[in-house]
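Straight from TrEMBL, here's the annotation block:
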- CYS279: active site, nucleophile (ACT_SITE)
- ASP30, THR84, THR133, GLU168, LYS282, ARG345: NAD(+) binding site (BINDING)
- PHE165, LEU166, ARG167, GLU168, LYS223, PHE268, LEU269, ARG270, SER271, GLY272, GLY276, LYS338: substrate binding site (BINDING)
- 331-430: domain 'UDP-glucose/GDP-mannose dehydrogenase C-terminal' (DOMAIN)
Amino acid sequence: MRVTVVGSGYVGTTLAACLADAGHDVTAIDIDPDVVAAINDGHAAIHEPGLDELLAEHAGDRLRATTEYGGVPDADVTFLAIGTPSNEDGSIDLGALTAAAEMTGEALAEAGAADGSASGAPDDRHLVVVKSTITPPGVRAVREALDEGAGDAADRVELATNPEFLREGTAVDDFQHPDKLVFGAESEWATARLEALYEPLVAATDGDVPVIRTDPETAVMIKYANNAFLASKISLANDLGNICKRFGIDAYEVMDAVGLDDRIGARFLRSGVGWGGSCFPKDVDAIRSAAREAGYEPAMLDAAVAVNDGQPERMLELLDSHADVAGERVAVLGLAFKPGTDDIRNSRAIPVIEGLQARGAEVVGYDPVATANMRERFPDAAYADSAAGALEGATAALVVTDWDEFAALDDAFDAMAAPVVIDGRRIVERRDGLTYEGLTW
Ligand SMILES: NC(=O)c1ccc[n+]([C@@H]2O[C@H](COP(=O)([O-])OP(=O)(O)OC[C@H]3O[C@@H](n4cnc5c(N)ncnc54)[C@H](O)[C@@H]3O)[C@@H](O)[C@H]2O)c1
Ligand SMILES: O=c1ccn([C@@H]2O[C@H](COP(=O)(O)OP(=O)(O)O[C@H]3O[C@H](CO)[C@@H](O)[C@H](O)[C@H]3O)[C@@H](O)[C@H]2O)c(=O)[nH]1
């Protein structure tokens, strides 16, 4: 099939590369010329394992990128994979997405006017699929923007939603091996088109991927429920972990046992400095805000956020109990919101660095791939080229991201001025000579 993917960020680039790899002919659109140039050069503007390899293989062949919307009408399906960030009040900002929807509609209208194909025949129909995470009321806003752009051609354009569940750091693998596919469509024609599009991917996984066929609003609610549940699961693990710490009990031993219950499951029970990233914080805020707008107070989700917001401060309080860091060098190990990515959006390292700077500490950050992004956020902090470099002469180290390489650190701690390690991710080994504090163990 011929596919257009509008928006070439973490989701759009992964989607475009994986659909090309599945045999489709893909055009990626982005307003950022650097992003477009990178894709056409066969590499991604972001760090995501496996993505560069796919782009190198398919760019210039089954995959191309452009800043122009002109080719949209030639596609069988157009995906919108545009960012949906938070407004100040936590509600979802649909501005960029509705702008892209309107531009997509305009491109379709121009083609309809040019070739006279606005006859209403079934083959003239164009499917626009929202990949972005949007609230149920947001579906109507996108539909209105699309219709506004399409004008007289609006009745030939159908909107569907197809939320994405990939995780950063494992985006390619997650996309190619999904736990489920969710198709939110208003007609059998649209559902069938989505099924045809995903058919090669499903076939490559032995065809055992559950497919949920539903309406567009239910589909996007499934996405919010999914993220709200996972974020709350971690917050509950953190709440219980904080209790464990008070009793001198290892929360990991407790939760490893709890996770053996099939009804609970072992994953997303790792307690520590909390959840960050571009999705959990903004999505939990967006659904809380939409709930309130609809007259419902989401007490559980409010509590999940409150627990999460408190974890970085708990880490800093543990540090305070061991060292006065005013004027001292303090290492922050890990700047990305999780391992495997250079994304620092809502990274727990941000409140940790802010807290250290408020205490007058001289912060030295280290991350294998996210340093450049954090330097833009905190240009006044220092950055080391290695974990060992960050630890050298430091009075304390705060571990914020569970990069594997931190587990292998050993002699590097000997170069610290005072070997105090506050571990927010249970990645560093306790060992002799180290004043080690786990956040919940
Ligand atoms: N990042 C994730 O892991 C993830 C996973 C699942 C769902 N989502 C959702 O997917 C959506 C996209 O997220 P992302 O992380 O890929 O965002 P992103 O910010 O990384 O990428 C968005 C891209 O859209 C481009 N863009 C903005 N306006 C445009 C326009 N009018 N036309 C063309 N391109 C335009 C930007 O230049 C940018 O490259 C969000 O709704 C997000 O919640 C993200
Ligand atoms: O047991 C755990 C698991 C995760 N985290 C933290 O939770 C955050 C999110 O991690 P993860 O879910 O792995 O990363 P994301 O890439 O943000 O993926 C989430 O958000 C995406 C965007 O909506 C969804 O598509 C994914 O399904 C969903 O897992 C990170 O800060 C992790 O450190 C923990 O603290 N403890």
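Glycine is no exception: its Cβ is also placed from the backbone N, Cα and C atoms.
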Anything from the binding-site residues ASP30, THR84, GLU168, LYS223, GLY276 with its Cβ under 6 A from ligand 1? List those in sequence order.
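Listed by sequence, the hits are ASP30, THR84, GLU168.
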For ARG345 (NAD(+) binding site), which of the listed recorded positions (PHE165, ARG167, LYS223, LEU269, GLY276, CYS279) have their CA atom within 10 A of its CA?
GLY276, CYS279
If you count the C-beta atoms lying within 10 Å of each candidate's C-beta, which of the binding-site residues THR84, THR133, SER271 ends up with the smallest number?
THR84
Average the pLDDT scores across the domain 'UDP-glucose/GDP-mannose dehydrogenase C-terminal' (331-430) and report the rounded value.
97
Can you tell me how many other Cβ atoms are located within 10 Å of the Cβ belonging to LYS282 (NAD(+) binding site)?
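Other Cβ atoms found within 10 Å: 22.
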What are the helix, strand and coil residue counts for the domain 'UDP-glucose/GDP-mannose dehydrogenase C-terminal' (331-430) according to DSSP?
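Final tally across the stretch: 31 helix, 18 strand, 51 coil.
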Running a distance check here. Ligand 2 versus the recorded positions ARG167, GLU168, SER271, GLY276, CYS279, ARG345: which have CB less than 6 Å from one of its atoms?
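Once distances to ligand 2 are taken from each Cβ, ARG167, GLU168, GLY276, CYS279 fall under 6 Å.
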Quick check on the recorded positions: of LEU269, CYS279, whose CB has the lowest count of neighbouring CB atoms inside 10 Å?
LEU269
Count, for each of the binding-site residues ARG167, LYS223, ARG345, the other C-beta atoms lying within 10 angstroms of its own C-beta, and report the residue with the smallest count.
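Ranked by other Cβ atoms within 10 Å, the binding-site residues ARG167, LYS223, ARG345 bottom out at ARG167.
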Express the distance between the Cα positions of PHE165 (substrate binding site) and THR133 (NAD(+) binding site) as a whole number of Å.
10
Which ones, of the binding-site residues ASP30, THR84, THR133, GLU168, LYS282, have a Cα no more than 10 Å from the Cα of LYS223 (substrate binding site)?
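Final answer, ordered: THR133.
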Fill in the CA-CA distance, THR133 (NAD(+) binding site) to LEU269 (substrate binding site), as an integer in Å.
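Here the two Cα atoms lie 24 Å apart.
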If the NAD(+) binders are ASP30, THR84, THR133, GLU168, LYS282, ARG345 per the record, what's the largest distance between their Cα atoms, in Å?
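Greatest Cα separation within the listed binding residues comes to 22 Å.
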Far apart in sequence but close in space: which same-chain residues, 6 or more away, have a Cβ under 8 Å from GLU168 (NAD(+) binding site)?
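Correct list: TYR10, GLU48, GLY277, SER278, PHE337, LYS338, GLY340, THR341, ASP343.
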Using C-alpha positions only, work out which of the recorded positions ARG167, GLY276, CYS279 is nearest to THR84 (NAD(+) binding site).
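The smallest Cα gap between THR84 (NAD(+) binding site) and any of the recorded positions is with CYS279.
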